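*Asks:* The following feature annotations were taken from TrEMBL:
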- 40-448: domain 'Major facilitator superfamily (MFS) profile' (DOMAIN)
- 41-59: transmembrane segment (TRANSMEM)
- 79-99: transmembrane segment (TRANSMEM)
- 136-154: transmembrane segment (TRANSMEM)
- 166-188: transmembrane segment (TRANSMEM)
- 194-216: transmembrane segment (TRANSMEM)
- 277-301: transmembrane segment (TRANSMEM)
- 340-364: transmembrane segment (TRANSMEM)
- 370-396: transmembrane segment (TRANSMEM)
- 408-431: transmembrane segment (TRANSMEM)
Amino acid sequence: MRGRQRVASREHILGHDKDENLASVRIPNAKPSWRCSLRHVIVASLSSFLYGYHIGVVNETLESISIDLGFSGNTMAEGLVVSICLGGAFIGSLFSGWIADGVGRRRSFQLCALPMIIGAGMSATAKTLWGMLLGRLFVGTGMGLGPPVAALYVTEVSPPAVRGAFGALTQIATCLGLMGSLFIGIPAKEIFGWWRICFWVSVIPATMLALFMEICAESPHWLFKRGRTIEAEAAFEKLLGGVHVKPAMTELSKSDRGDGSDSVKLSELIYGRYFRVMFIGSTLFALQQLSGINAVFYFSSTVFESFGVPSEIANSCVGVCNLLGSVVAMILMDKLGRKVLLLGSFLGMGLSMGLQVIAASSFASGFGSMYLSVGGMLLFVLSFAFGAGPVPSLIMSEILPGNIRAKAMAICLAVHWVINFFVGLFFLRLLELIGAQLLYSIFGSCCL
């Protein structure tokens with residue numbers, strides 16, 4: 001009896017080993033499920049939602065804010081309310097790489113939420129222009145910290161097969177934030193003090209980001225770089241499923257060996273051996289902003305109203321086009337590749353600005369000018385959303401070596417915020433000084 005039991009148990013063990021061997025043959029061919037990592041990406045995308053919300057929150061409310069705080073008609077003051085948060089974003093972005101590498105991705109998201117909560121409260125209770133500017137500056141630091149960390153986190157927690165789609169998901173979150181701020185701001189012109197409610201609303205998603213990040217997985221890449229291998233395996237199990245942990249750790253070990261030393265001097269990033277990849281990233285972000293996209297998001301109400309189009313209708317259409325383009329990007333990103341979408345996007349934006357130039361010229365008048373301007377602006381937003389919007393952050397997080405990824409993204413996005421700041425500050429002033437035709441020609445040339 002005992003002998004038979006031993007034989008049976010031995011056969012059982014051998015059979016179990018065979019099953020394991022068969023499983024090990026099948027597992028490498030099976031792709032990790034995207035469902036496990038999706039909820040972590042959605043929580044991270046709240047930072048992008050907040051970014052979009054704070055970009056658009058002054059669009060409908062700027063007129064009410066200027067009347068309430070006593071700087072109505074002062075275009076420089078209005079431009080400063082829009083762009084001061086971009087100055088804060090520059091500071092937040094500049095230090096985002098060091099923060100993300102120092103405290104991890106999860107804690108970085110929570111640090112991003114904190115100034116957004118404080119700044120939104122300060123803006124909502126502001127009694128003077130200076131109070132509003134200080135609140136917007138605080139919000140800006142969170143806006144600058146969020147996008148580079150989100151790009152890193154999404155790249156590091158997503159299965160390779162859906163990395164592009166998940167990267168586009170952050171752009172969709174930005175669109176939803178932008179649309180939300182535009183819709184919430186619609187009653188601002190009729191209801192006195194409504195603009196204060198618009199700022200208070202943003203505290204809700206910022207608080208959700210800080211709380212939900214507590215239950216999200218830390219980036220396995222960051223844990224592995226810190227020598228916390230067991231925690232990295234646990235994170236991969238949560239993100240990809242248990243059977244994919246070993247292949248993922250093997251791949252991570254290979255990429256880490258290829259990255260070299262973790263200590264990188266700033267000089268190596270700016271003019272050393274990483275200059276070429278840094279130049280590509282900085283140029284992509286610079287051209288993204290010099291296309292004029294954020295001038296559309298900040299001041300579309302002002303531009304559309306000059307053609308007699310109600311801002312509510314115009315801004316709703318802008319939001320829908322932005323969302324539609326982002327959904328197209330999510331579907332096509334992993335099929336067509338990053339470069340094709342980028343080229344098609346900038347070409348479409350250049351042609352759209354051409355329509356804007358014609359609308360502002362003497363060749364078009366009346367309804368023709370209005371249709372060209374509105375149509376050109378909507379086509380511009382649609383073209384931006386399926387390429388120039390989501391691709392630069394994603395492509396940079398993919399082509400940068402792991403040992404410099406966070407710091408290099410910080411510097412590239414700092415370039416983005418500097419140009420964004422000056423576009424927001426001087427757009428209305430330049431529109432007054434040189435006119436729409438020449439200004440849109442400059443934007444269109446940058447796209448081409």
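Glycine too: its Cβ is placed from the backbone N, Cα and C atoms.
Keep in mind it's a predicted model, so treat the numbers as computed, not measured.
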*Asks:* Under 8 angstroms, Cβ to Cβ: which one of 41-59, 79-99, 166-188, 340-364, 408-431 has the largest number of such pairs with the transmembrane segment (277-301)?
*Replies:* 408-431
*Asks:* Taking a Cβ cut-off under 8 Å, which residues six or more beyond the ends of the transmembrane segment (340-364) line up next to it in the same chain?
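*Replies:* Apart from its flanks, the transmembrane segment (340-364) reaches 284, 287, 291-293, 329, 332-333, 370, 372-373, 375-377, 379-380, 382-384, 386-389, 391-392, 395, 435-437, 440-441, 443-445, 447-448.
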*Asks:* If you average pLDDT over the domain 'Major facilitator superfamily (MFS) profile' (40-448), what do you get?
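*Replies:* Average per-residue pLDDT within the domain 'Major facilitator superfamily (MFS) profile' (40-448): 83.
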*Asks:* Do any residues, 6 or more residues outside the transmembrane segment (136-154), come within under 8 Å Cβ-to-Cβ of it, and if so which ones?
*Replies:* 40-41, 44-45, 47-48, 50-51, 54, 81, 84-97, 99-100, 105, 108-109, 111-116, 118-120, 122-123, 163, 166-167, 169-170, 206, 219, 393-394, 396-397, 405-406, 409-410, 413-414, 417
*Asks:* Tell me if the transmembrane segment (194-216) touches the transmembrane segment (41-59). I count contact as 3 or more CB pairs below 8 A, with pairs 6 or more residues apart.
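*Replies:* In this chain the transmembrane segment (41-59) contacts the transmembrane segment (194-216) - 3 or more Cβ pairs sit under 8 Å.
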*Asks:* Within the same chain, where does the transmembrane segment (79-99) have neighbours whose Cβ lies under 8 angstroms from its own Cβ atoms, ignoring anything closer than 6 residues to its ends? I mean 6 or more beyond.
*Replies:* 54, 58, 62, 65-66, 108, 111-112, 115, 119, 129, 132-133, 136-149, 298-299, 406-411, 413-414, 416-418, 420-429
